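Engineer: Sharing a structure, written as structure tokens. Questions coming.
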Amino acid sequence: MTAASRANPYSIVSLEEDGLHLVTMSGANGFGNGKVHTRRRCRNRFVKKNGQCNIAFANMDEKSQRYLADMFTTCVDIRWRYMLLIFSLAFLASWLLFGVIFWVIAVAHGDLEPAEGHGRTPCVMQVHGFMAAFLFSIETQTTIGYGLRCVTEECLVAVFMVVAQSIVGCIIDSFMIGAIMAKMARPKKRAQTLLFSHNAVVALRDGKLCLMWRVGNLRKSHIVEAHVRAQLIKPRVTEEGEYIPLDQIDIDVGFDKGLDRIFLVSPITILHEIDEASPLFGISRQDLETDDFEIVVILEGMVEATAMTTQARSSYLANEILWGHRFEPVLFEEKNQYKIDYSHFHKTYEVPSTPRCSAKDLVENKFLLPSANSFCYENELAFLSRDEEDEADGDQDGRSRDGLSPQARHDFDRLQAGGGVLEQRPYRRGSEI
């Protein structure tokens, strides 16, 4: 097969001609799986971080006719400047059209000729030229009514044109007001106040590897019936040799259990359990560094004020997924309310105890899980929060030298020694949602 025959993007190319580099990962100590990895240029995003789809239409037959057939949707979808320009031109065209008609009527009736007597009544009073006819057209359609120019009973066609212009003016006004109101009430801009974390993370949750990302609502108004979904997009070659450039695979975020429906009052971490049905089941940390895929995440719901459905989108490339990280807490309890600190929304911290193997190898017990009592960032934050509460109460006598209260020091020693699981106690802050 020659290089020219492989110019087709759907043809199968060899590794040498495509510029791919082979890297073999060792399987020792759980840091590899013995697979052959390839490093290649990352493909373009299908969905940008701001939610826009990275697509361009080409070679569309009868595109203009199809768009004009759905004029209302076209006016709602286009930019404000173009919509206002279209309506301004529509008003100007209607004024000019009927101005020309009234001028022609005046010419045909002889109203522009010098009057020899006072016995003839003109079709339109005080219309002696085109400019006067144009002004009469504007006064008729906008119902200004200065009182100088008016139609008479002399010409039936002039009366009919006044009625026709009034109807046309009402149609243009109604169409313009409807399009502007529909454009203003669209929930598209509501997605600007729905936030996705910059990165997704992979970490252990209840003994299982999970893919997690965070969503938040920057407004106090709620998103009714909010629910999330996700898809993995990557190229694939079928068993028959067919090349699918963007194969879409659903990622389960708890649809069967109802976990995909969320109460988005505070930032929430969305969780996808990497199990046998997950497309990420066989991907390890090394695979993640070399693989080429995109995870599209979607948040949908109804705007509380208008009950219209809105949708926010984002995506994560493989190099934007942090293996062995967790999100920092953003929800803290202070006095009689909860405080959300969005400065920590995108921040993560590393969990070194996260296994680097795939979930498949983890299920097959090839690698040991870290201790359930491992001391982590949330525990440290809880201890510090408890100390701050004790300090606010003025109880400083029983503190140890390192700044921890005796109870916090006791729990810390138990965690470090692996002596058991802490009993549940309410904390002032530091609880992640």
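Placement of Cβ uses the backbone N, Cα and C atoms for every residue, glycine included.
Got these off Swiss-Prot a minute ago, pasting:
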- 1-77: topological domain 'Cytoplasmic' (TOPO_DOM)
- 105-129: topological domain 'Extracellular' (TOPO_DOM)
- 130-146: intramembrane segment (INTRAMEM)
- 143-148: motif 'Selectivity filter' (MOTIF)
- 147-155: topological domain 'Extracellular' (TOPO_DOM)
- 184-433: topological domain 'Cytoplasmic' (TOPO_DOM)
- 387-433: region 'Disordered' (REGION)
- 396-414: compositional bias 'Basic and acidic residues' (COMPBIAS)
Engineer: Express the predicted model's confidence over the topological domain 'Cytoplasmic' (184-433) as a mean pLDDT, rounded to an integer.
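Structural biologist: In the predicted model, the topological domain 'Cytoplasmic' (184-433) has a mean pLDDT of 79.
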Engineer: Report, as numbers and ranges, every residue of the chain located at least six residues beyond the topological domain 'Extracellular' (105-129) whose Cβ falls under 8 Å of a Cβ in that stretch; write 'none' if there are none.
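Structural biologist: Hits for the topological domain 'Extracellular' (105-129): 136, 148-152, 154-155, 157-158, 161.
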Engineer: Give residue numbers and ranges for long-range contacts of the topological domain 'Extracellular' (147-155): same chain, 6 or more residues beyond its ends, CB-CB under 8 A.
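Structural biologist: Same-chain contacts beyond the flanks: 105, 109, 121-127, 132, 135-136, 139, 162.
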